[in-house]
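S.K.: Let me give you the structure first, and then I'll get to my questions.
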Amino acid sequence: ACGPGCSGSCRQKGDRIKCINGSCHCYP
């Protein structure tokens, strides 16, 4: 989960998770 205020799901699986412009992004 990206946390509160962050929507969407990660297209890539990774350990680093960031919330950019309210969207969830994962990085390997």
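Any Cβ shown, glycine's included, is placed from N, Cα and C.
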S.K.: What does Swiss-Prot give as the disulfide partner of Cys6, choosing from Cys10, Cys24?
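M.R.: Recorded partner, per Swiss-Prot: Cys24.
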S.K.: Check Swiss-Prot and name the cysteine among Cys10, Cys19 that pairs with Cys2 in a disulfide.
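M.R.: Out of the candidates Cys10, Cys19, the one Swiss-Prot links to Cys2 is Cys19.
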S.K.: Which chain-mates of Cys6 (disulfide bond) that are at least 6 residues away have a CB under 8 A from its CB, listed by sequence?
M.R.: Cys19, Gly22, Ser23, Cys24
S.K.: Using C-alpha positions only, work out which of the recorded positions Cys10, Lys18, Cys26, Tyr27 is nearest to Cys2 (disulfide bond).
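M.R.: So, of the listed recorded positions, the one sitting closest to Cys2 (disulfide bond) is Lys18.
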